[in-house]
Amino acid sequence: MDFQVFIITGLSGAGKSQSLRILEDLGFFCVDNIPPKLVPTLIDLCLATNGKISGLAVVIDIRTENFLEDFKEMVDTINSKNIPFKILFLEADDEVIVKRYNETRRIHPLLREGKTILESIKLEKERLQEIKTFATDIIDTSQFSLKDLKDNILKILSSFNSSVKSNFLITITSFGFKYGLPIDAHLVFDVRFLPNPFYDPKLRPFSGQAEEVKNFVLSKKEARDFIEYVKNLLDFLVPLYQEEGRNILNIAIGCTGGRHRAVVIADEIFSYLSQKYNTHLFHRDVDKDRNIAK
């Protein structure tokens, strides 16, 4: 995707830090409480990485000196660079912000000016009123859960890139049960019911990445049927995991030694899922039995 800039501002206690964490999980390079004057320089540094950093998200708040003037100048500079950007303004009801500060025991940035918490909130609203007019998106988080906040940010990002949910990561790991289950697995599929190439002396020295072994495993109807069942199951499950707010799904596929059957099946599932999702493939134990024929 093209380089994108996401600027978060708004009321203290409205969810700016949580929004930044969400964007970090989505692959953005994130900086909190940065002066507006530094943002154009930071953009140039990110662009100089030749695509290694594809998105920048920053939080800018009222603690910055000359906030309004510098913010306007920053927006003009970004516009001149012809870079797509969003300005998200977060707000919430006064009572909700007071409750959040009481729960976290943090200090509102304007309390240092000798104000009460409510006076600080009202003063901040006044100072940010003009900044709010620059916002491309305004979100009231008063009734939001963390999932609600993430869903709204994803909707905003979809105007950058319709495939923003590709930041959801799936890992597929083949493994051998005799070496233990992957401890981070969310879904585990056991393929030890399939005929084992290990018992064919001609196939034993090869791994499931070899055409001979792959053809042997996939020639079995039960293997082909199993792959289709798993595909259908994942078509059902993966969108639900995404809706639930998960950022990563770890799938483990195991056979006895993790060298033959699991490798073949993992390759097939990877080929299918990688057409739709950001998917990584690992063959954890494929080389552990490589000298077994000796």
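Glycine is no exception: its Cβ is also placed from the backbone N, Cα and C atoms.
Copied over from Swiss-Prot:
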type    : residues                                               : note
BINDING : Gly10, Leu11, Ser12, Gly13, Ala14, Gly15, Lys16, Ser17 : ATP binding site
BINDING : Asp61, Ile62, Arg63, Thr64                             : GTP binding site
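Remark: Ala14 (ATP binding site) has Leu90, Glu91, Ala92, Ile97, Thr141 as non-local neighbours, by Cβ distance under 8 Å and separation of at least 6 in sequence.
In the three-state DSSP classification, Gly10 (ATP binding site) falls within a strand. Counted within 10 Å of its Cβ, the other Cβ atoms near Gly13 (ATP binding site) come to 26, all protein chains included. Here the Cα atom of Gly13 (ATP binding site) is found 11 Å from that of Asp61 (GTP binding site). Sequence-ordered, the extra residues of this chain that approach the ATP site, with Cβ no more than 8 Å from the Cβ center of Gly10, Leu11, Ser12, Gly13, Ala14, Gly15, Lys16, Ser17, are Asp61, Leu90, Glu91, Ala92, Ile97, Thr141. Within 10 Å (C-alpha to C-alpha) of Ile62 (GTP binding site) lies none of the binding-site residues Gly15, Lys16, Ser17. When the Cα atoms are compared, Lys16 (ATP binding site) and Arg63 (GTP binding site) turn out to be 14 Å apart. Rounded to a whole number, the distance between the Cα atoms of Asp61 (GTP binding site) and Ser17 (ATP binding site) is 11 Å. Counting in whole angstrom, Gly15 (ATP binding site) lies 12 from Asp61 (GTP binding site) by their C-alpha atoms.
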